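Q: The structure's right below; bear with me while I get my questions together.
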Amino acid sequence: MPKRSFTKDDIRKFAEEENVRYLRLQFTDILGTIKNVEVPVSQLEKVLDNEMMFDGSSIEGFVRIEESDMYLHPDLDTWVIFPWTAGQGKVARLICDVFKTDGTPFEGDPRANLKRVLRRMEDMGFTDFNLGPEPEFFLFKLDEKGEPTLELNDDGGYFDLAPTDLGENCRRDIVLELEDMGFDIEASHHEVAPGQHEIDFKYADAVTACDNIQTFKLVVKTIARKHNLHATFMPKPLFGVNGSGMHFNVSLFKGKENAFFDPEGDLQLTDTAYQFTAGVLKNARGFTAVCNPIVNSYKRLVPGYEAPCYIAWSGKNRSPLVRVPTSRGLSTRIEVRSVDPAANPYMALAAILEAGLDGIENKLEVPEPVNQNIYEMNREEREAVGIQDLPSTLYTALKAMRENKSIKNALGNHIYNQFINSKSIEWDYYRTQVSEWEREQYIKQY
């Protein structure tokens, strides 16, 4: 979605010309869940004057009940009309930043926090941080009550097409709706697992790209429902098949120059690119809980299913955590492959950016690239070349997060503490559950 710039008068004009009936004021909590306050268009002036208040104590990770009043400040450049509402009273959307009653940005707002880390980047002499995400999702059938089943909508595979790819029509409608909303779609295709799909859209600046991810998730789920399907961004909904990732392709710029590209450098990469990569590798264990934030995330990060389990980098193969795709010039980028679509994109990107800036600031040296298939290396071989494992559970990821300074800098005290508290509760709840697998394995044997 290209960057746009709208004024209050533009918004008034759009609302009148398009006969908009409702305004959806959207923001995101620390768990990555989209929240919104919907108001009739008669409240437009109040919205434009930043006077829309909501109860922050009702939102995960925000504030206590005694300090609950929050204000929504709309980003006018995010104005869009949901195409599927045209026949029932048009609904327009504005993404908002969350402010406190004293007029300052709320430190628990993930979007505002990402902007804070971007200001640190600018203080270091960089102008832009771009992100191209690759979100994947599964489509499941609904039952007669409209509830999701565990029955996939097809048994297709990588790049399959109809009649094997039964999700093709749904995916095509998703693309059409996204394009109507201003997305620049680069490709859409069936993924490796049955019922799994990927739609790639053009990179954008950090905040816009994260806004786009949240919009994308909403559109995918909405249009899937119209096809009597349930779209899920759960990383590993089924055993024995590939999980869903959301690879982050990132690049730093100084003005119009890609700070990662050097035509004369080794692999045509700059020292900045190598230092950024070194920072990502150094802090990877610390930011894993944010990039892979739910118990189920770690069912994806296992050998054999094309997801990274090991902390290494390569310019060639796809088994390490970090890959440098072959494109150069302005397209030079670093791909962080561990991120999954359950992640809060604002927090995940802030974590990766802060990790990379740590590498640049401290002039960290990147280890040698690993160009062989790490999945085929045994533990002794991996240890011999200094390859560490990513955390294998949410518990170990939270432990690594507590021991890492970079991730605390990336999130700020409020989000950092609230996130760890929320996820620790989630882990404690999970570890007391008794699964069907346990009953099948043990109830007769013991």
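Counting begins at 1 with the first residue displayed.
The backbone N, Cα and C atoms fix where each Cβ goes, glycine too.
Okay, so Swiss-Prot annotates it like this:
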- E134, H247, E335: Mg(2+) 1 binding site (BINDING)
- E136, E191, E198: Mg(2+) 2 binding site (BINDING)
- E186, S251, R318, R323: ATP binding site (BINDING)
- N242, G243, R300, E306, R318, R337: L-glutamate binding site (BINDING)
- 18-103: domain 'GS beta-grasp' (DOMAIN)
- 110-446: domain 'GS catalytic' (DOMAIN)
- R64: site 'Important for inhibition by glutamine' (SITE)
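Help me picture where these features are in the structure shown.
A: Counting Cβ atoms from all protein chains shown, H247 (Mg(2+) 1 binding site) has 22 others lying within 10 Å of its own Cβ.
DSSP gives E198 (Mg(2+) 2 binding site) a strand state.
All protein chains shown were included, and the count of other CB atoms within 10 Å of the CB of E186 (ATP binding site) stands at 12.
In sequence order, G245, H247, A307, P308, R318, P320, L321, V322, R323 make up the list of same-chain residues 6 or more apart from R337 (L-glutamate binding site) whose Cβ falls under 8 Å from its Cβ.
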Q: At the Cα level, what's the spacing in Å between E306 (L-glutamate binding site) and E191 (Mg(2+) 2 binding site), rounded?
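A: Cα to Cα, E306 (L-glutamate binding site) and E191 (Mg(2+) 2 binding site) are separated by 12 Å.
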Q: Using C-alpha atoms, which one of the binding-site residues E136, E191, E198, R300, E335 comes nearest to S251 (ATP binding site)?
A: E335
Q: Restricting attention to the domain 'GS beta-grasp' (18-103), give the mean pLDDT.
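A: Mean pLDDT for the domain 'GS beta-grasp' (18-103): 88.
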Q: How far apart, in Å, are the two Cα atoms that lie farthest from each other among E186, S251, R318, R323, the residues recorded as binding ATP?
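A: Largest pairwise Cα separation, rounded: 21 Å.
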Q: Is it possible to get the count of other C-beta atoms within 10 angstroms of the C-beta of E134 (Mg(2+) 1 binding site)?
A: 19
Q: Over all shown protein chains, what is the count of other CB atoms within 10 A of the CB belonging to N242 (L-glutamate binding site)?
A: 20
